[in-house]
């Protein structure tokens with residue numbers, strides 16, 4: 001029902017556009033394989049006809065090679081395989097003449113120009129009509145690509161070669177995989193995140209299993225399953241040993257430096273690593289899969305969904321959730337491997353949260369920030385292709401499916417390719433890669449077997465999970481904090497106790513109740529002039545996200561003259577604007593290319609100006625370096641997500657790329673798209689626009705509150721200094737609090753001396769704190 005709601009909304013409001021915008025109910029490829037798994041065979045046949053009739057690839061558009069391969073090419077191949085199965089049964093699809101396969105082959109040829117590099121690693125983008133080198137292509141200037149982008153074509157390209165009989169696709173995909181393998185760091189057997197497509201040098205050397213690398217590891221394992229080539233398994237096992245040695249810190253998976261893997265390069269994880277427990281299940285390594293999956297489940301309990309990034313303390317680092325399916329994918333694989341009904345309950349929680357927090361009248365909307373629950377006007381095609389498929393299969397029995405699911409392997413976009421391709425179709429003729437020597441372990445050639453790993457122990461999964469049950473604190477019974485007495489030697493510091501601690505970086509939350517008599521007696525006075533204070537305090541949790549100092553972009557040239565002020569976020573690198581007394585002033589110029597992810601083409605124009613650059617395609621730090629080298633005196637990044645605004649989304653700080661960022665010295669600010677649209681529209685209308693980048697509290701023209709200085713001193717009642725009178729003096733009465741009955745002699749004596757002053761507003765300074 002959930003799939004029908006999403007799919008029918010797409011067909012009603014968006015088809016034949018690429019994707020549905022579920023809040024505005026309009027369009028912005030069509031994933032049809034799922035209809036077969038649902039046994040909706042009539043709807044599947046109709047969807048195939050519409051695809052053949054309406055989809056054309058001879059278009060002057062620049063597309064991502066990675067996304068087009070996994071979403072479009074994989075979807076066509078999976079649908080062709082299903083159409084052929086139904087036709088062979090003789091019940092339907094008798095009209096089908098491999099039209100989807102022919103479309104897939106045409107698309108494959110249109111993607112091939114991207115592989116025309118000196119290394120064999122593909123360009124990240126290609127023009128479907130003009131390729132890469134054609135002057136009309138509007139691409140081909142990129143020099144870098146991510147490891148996953150280059151290493152996630154072998155399943156689709158090899159299947160296309162073996163189904164069509166043309167080996168060129170598998171040859172190019174294999175060559176890219178060979179290059180990545182050769183470029184691994186030989187000491188650690190890890191790969192980096194971004195690589196130069198021309199010379200094979202690593203651009204970003206942080207290594208993990210999440211964004212930028214994830215599906216490269218996935219496709220090594222699955223290439224062995226699909227194609228039967230042991231070379232891929234040997235490579236995967238080598239990488240996997242390195243991952244478990246350096247990156248896996250159960251239940252966490254933390255990025256490290258590929259050349260020095262004992263060093264963590266960041267303290268947060270991204271949500272794409274949620275696929276990894278499922279991959280570990282395929283390898284048969286169930287214990288770490290259960291551990292990491294349980295950690296992820298605890299995070300979803302805390303935030304409803306997995307944030308795009310979260311810290312090692314499980315706080316939100318980046319709050320967006322575009323309805324990613326990786327957690328549901330791993331849940332499905334763990335249930336199939338263990339048969340533990342616990343994972344059915346996890347699946348049920350996913351279903352309920354989607355219906356409660358993401359369902360809208362025209363489909364399901366991405367969550368802009370898990371902390372606020374605000375929606376984003378997007379429903380990516382992977383949501384249809386993957387999420388409902390894994391959830392439906394999780395709750396289904398094999399007998400309810402029209403195909404034997406074990407005869408197929410899932411691509412990274414959850415399209416099904418038959419494992420029979422390893423035997424019924426010839427392999428690539430140019431496979432000359434020698435197998436790598438690797439020390440085998442229990443899981444090197446095994447399928448997952450709970451009975452082998454945990455014989456006669458059906459509760460093994462629960463035993464592992466219980467260690468991480470209260471990892472994030474959710475569900476744990478609240479217990480009163482133990483109360484402790486703190487002895488504070490204040491001497492002549494002139495600071496009150498809490499302020500004294502604050503000066504040392506310690507924050508205390510005073511409680512309302514004092515220590516009960518049963519928890520101790522009054523403090524012992526060890527020396528004269530030392531005031532003993534009993535503080536009852538508990539450690540309070542720090543906020544879920546770091547406090548971000550709001551910055552502004554203030555338009556100061558005519559006709560604005562400071563009246564237009566745009567709220568901006570800051571960066572954890574570059575110039576610290578809070579330390580600039582008057583901010584940074586400059587006129588703004590758009591970067592060309594706008595994303596600043598390639599060579600800057602308008603460096604002369606940018607010289608001495610503040611650059612505007614669009615978020616996306618590469619890291620903030622990479623953009624900043626290019627623009628700084630081009631002569632920009634500052635950078636304003638603008639969000640590429642349509643409709644985002646500072647009024648609806650909490651500000652965040654831009655982070656670096658895992659490499660040192662000391663070389664970046666220009667100021668950097670971030671505008672959400674609504675504020676960015678105001679700025680770009682102003683630039684388009686007035687051409688010459690001056691802005692001021694500064695903290696919000698230093699905004700030009702803003703009235704500053706008057707400060708009132710209050711001076712405190714201890715004195716006897718009526719003892720006024722020169723110029724003071726009773727009418728102009730605030731008198732603070734310091735009263736002795738009640739003490740325990742078991743006070744020592746010295747404390748009791750001190751109390752008797754002060755007893756006479758209880759009714760008067762003054763105390764002797766010699767005996768006062």
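In case you wondered, yes, glycine gets a Cβ from its N, Cα and C as well.
What TrEMBL records for 67, 308 is active site, proton donor. Look at TrEMBL and you will find 214, 326 tagged as active site. The feature Ca(2+) binding site is assigned by TrEMBL to 412. The domain 'PA' annotation in TrEMBL covers 584-679. According to TrEMBL, the feature region 'Disordered' maps to 735-769.
Separating the Cα atoms of residue 67 (active site, proton donor) and residue 326 (active site) is a whole-number distance of 16 Å. Across the domain 'PA' (584-679), DSSP classifies residues as 21 helix, 24 strand, 51 coil. Counting every protein chain shown, the Cβ of residue 308 (active site, proton donor) has 21 other Cβ atoms within 10 Å. Model confidence over the domain 'PA' (584-679) is summarised by a mean pLDDT of 89.
Cβ neighbours of residue 214 (active site) (same chain, under 8 Å, six or more residues apart in sequence): 148, 272, 273, 275, 276. The number of other CB atoms found within 10 A of the CB of residue 67 (active site, proton donor), across every protein chain shown, is 17. All protein chains included, residue 326 (active site) registers 24 other Cβ atoms within 10 Å of its own Cβ. Around residue 412 (Ca(2+) binding site), the C-beta neighbours below 8 angstroms that are at least 6 residues distant in the chain are 70, 152, 155, 215, 218, 219, 275. Here residue 308 (active site, proton donor) is positioned 12 angstrom away from residue 326 (active site), judged by their C-alpha atoms.
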